[in-house]
Amino acid sequence: MGHRAKNKQPAPQPLDVKQTAISPKKLGKRKAEVSDDKSNFRPVKKAKDQAKSKQKGNKKKKENSEDEASENGWEDVADNDELKAHAKSLFNNSDHEELDNFDMDETNECVNHRVSINVIPIARSGELRGPVQAFDFGSDAEEDQPQFIAGKTKKSKQSERPTKIIPTASDDSDSSDNSDEEERITMANMAARSKALDEKAAAEAALDADEMQQAAFNEEEDDDFDMDEDEEETDGEPFRLPTAEEKDTESKAGGPDVHVVQRRMRECVRVLGKFRKLAEKGRSRSEYISQLLSDVSSYYGYNDFLAEKLFQLFPVTEAIEFFEANEVSRPVTIRTNTLRTRRRDLAQALINRGVNLEPIGKWTNVGLQVFESSVPIGATPEYLAGHYMLQAASSFLPVIALSPQPNERVLDMASAPGGKTTHIAALLQNTGVVFANDANKTRTKSLSANIHRLGCKNVVVCSYDGREFPKVIGGFDRVLLDAPCSGTGVISKDSSVKVNKSERDFTLLSHLQKQLILCAIDSVSPDSKSGGYVVYSTCSVTVDENESVVDYALRKRPNAKLVDTGLEFGREGYTKYRGKIFNPSLSLTRRFYPHVHNMDGFYVAKFKVEKRGKAPKAAVKPEVGLVGIEEEGEQVAAEGEIIAFDEGEDRPYLEEAKRRRMKAKGLRPPPRTTIKAGA
């Protein structure tokens, strides 16, 4: 016998055949009690049949009473007289004594299984009366809710909104307010009501002010919470400034510990941020600042003069960020030479060589930032072919502000090593003329090399002092002056600036820059149709080399005025600094910082040079003659009449001066001629 034949189920037996009783373990409690009556046993229906019969049960209750009984777990209940009597007592009697006879275990079992038991009379009896009712043995919360019994009525009484809501205390207050409002305003009570309204408004304003003060105080406490926690974690004692004896001890010991200096700087910054609350009694603000400057000088390696000069440019917290940013090198950037390639093609070529790069930003369409490279970025075939130039991102800014147009004559007064010059040539598309000047003749070699490598054919290299340029050649459409400066914006590249700059250096550099900017303005042709612009830039962040120089140029050259640089980012230039008040138009200039823009510190200003206006005639006349003054024996000049010098009266004096000069040279002077005064 095969495996299938062995386990084959027998044929189903007919329904009329009596089956043996089912064990009580498989039945519920009620089913087990009534299962002794074998003659009335009926097979249990499956879940699918139960679901179908539930949908049809509401339409045909009387016809399918037996099916409904089987759906609710009563299919095994015997049709005997005891059940009829028990059901009749449930539906017809008013007292609930019979309900107490139900076992609580049975009720709990029904609740746990969420079984809704419908006690329905059997169709054969026909003795029970009344509509069919459903009992739901649910939770107490469900009993409190109104139950809607399906019947002939369409709406429940409880679904209707009550016509009257029970009044509460709030309703009484509302009604009283309404009554007051409805009270008629007369001349007698008008003053009293107005006074009451004013008092109410004043009370509300005082309450609002108190709330705002409390909210501000809570915010300050929240801000102090984190700092106070840090202070408690570092040391249980509050911070105090070191005394003079402690400073001497530190200096004798070879200087303070680095960690001690770092913590002291952090605490000084915190105290200066909220001096009134956190300052030590008897200590002034200047003492904390001097201690912070001393720690900055020793920690970052600046001399005292430069540390103080840079510290005064920023708020306390931002100044520390600036010093910290100068210790980190700036990203490596390259500029695409559009005369030889496109940025997309250059980026793909460098990526194929193992260079990780991406565009600098939306403000330039030729810059690429290099993150890492498996090959020397300054020795690739693309670099040697002149496809790009290693150039700092901040050096793009002056040329972008200058914005040269094709067929223009442009002067770069300090052009070496040629990054800005070649950028200008690329924007000119090898049209027009670019005069690349540099005062240092040795630097012109690298300038010429970069010009040839990048394929710039419209550049003329020369070596003159920039202060001579209006005399050498002029009439340019645009001039770029990247003036020599202290280099305080590129400290990350040249750390020697920290110690080798003094106050005398800043004075000399500022004087040179003022001379150069006047020469640059004079070299521009105000008659230029497309140009007439001068861009002044430095790689410094000090005010002496930037705002002071630009303000000086505006005062000395009234025909030059500042215009917008066209740069989308950057901070505005100072209009006031430590008691100095500059021209309000200096807000059009732009400053760039390493800790803010992640590029070298830079300053850019753009001038528009116009024609010099002629002075009015009324202002010129006093220079030609003198207005008569009334004296004894002289005629009084008429009003508005100008009295000029008489040449006849001056001639003897001029002749005598000429004779003296000739005698001094060893020449024989001509004889004197007597000329009457007034002749």
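Quick reminder: no glycine exception, Cβ is built from N, Cα and C everywhere.
What TrEMBL records for 1-81 (among others) is region 'Disordered'.
The annotation compositional bias 'Basic and acidic residues' is assigned in TrEMBL to 30-52.
Residues or ranges marked as compositional bias 'Basic residues' by TrEMBL: 53-62.
Positions annotated as compositional bias 'Acidic residues' by TrEMBL: 65-80 (among others).
Here TrEMBL flags 135-182 (among others) as region 'Disordered'.
Per TrEMBL, compositional bias 'Acidic residues' is recorded for 171-182 (among others).
Annotated compositional bias 'Acidic residues' per TrEMBL: 220-236 (among others), in sequence order.
Residues annotated as region 'Disordered' in TrEMBL: 220-255 (among others).
Annotation comment: TrEMBL describes 322-610 as domain 'SAM-dependent MTase RsmB/NOP-type'.
Every protein chain considered, the tally of other Cβ atoms within 10 Å of the Cβ of Ala416 (S-adenosyl-L-methionine binding site) stands at 25. Per TrEMBL, the feature S-adenosyl-L-methionine binding site maps to Ala414, Ser415, Ala416, Pro417, Gly418, Gly419, Lys420, Asp438, Asp465, Asp482.
Look at TrEMBL and you will find Cys539 tagged as active site, nucleophile.
Per TrEMBL, region 'Disordered' is recorded for 659-679 (among others).
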Max pairwise CA distance, angstrom, over record-listed S-adenosyl-L-methionine binders Ala414, Ser415, Ala416, Pro417, Gly418, Gly419, Lys420, Asp438, Asp465, Asp482: 20
Rank the recorded positions Ala414, Cys539 by how many other Cβ atoms lie within 10 Å of each Cβ and give me the one with the fewest. Ala414
Looking only at the domain 'SAM-dependent MTase RsmB/NOP-type' (322-610), mean pLDDT returns 94
Just jot down the residues in the same chain as Gly418 (S-adenosyl-L-methionine binding site), at least 6 apart in sequence, with C-beta under 8 A of its C-beta; none if empty. Ala436, Ser446, Leu447, Ala449, Asn450, Ile451, Leu454
Across all chains shown, how many C-beta atoms besides its own are within 10 angstroms of the C-beta of Asp465 (S-adenosyl-L-methionine binding site)? 13
Just to be sure I understand the packing, how many Cβ atoms besides its own are within 10 Å of the Cβ of Lys420 (S-adenosyl-L-methionine binding site)? 26
List the Cα distance (Å, whole number) between Cys539 (active site, nucleophile) and Lys420 (S-adenosyl-L-methionine binding site). 13
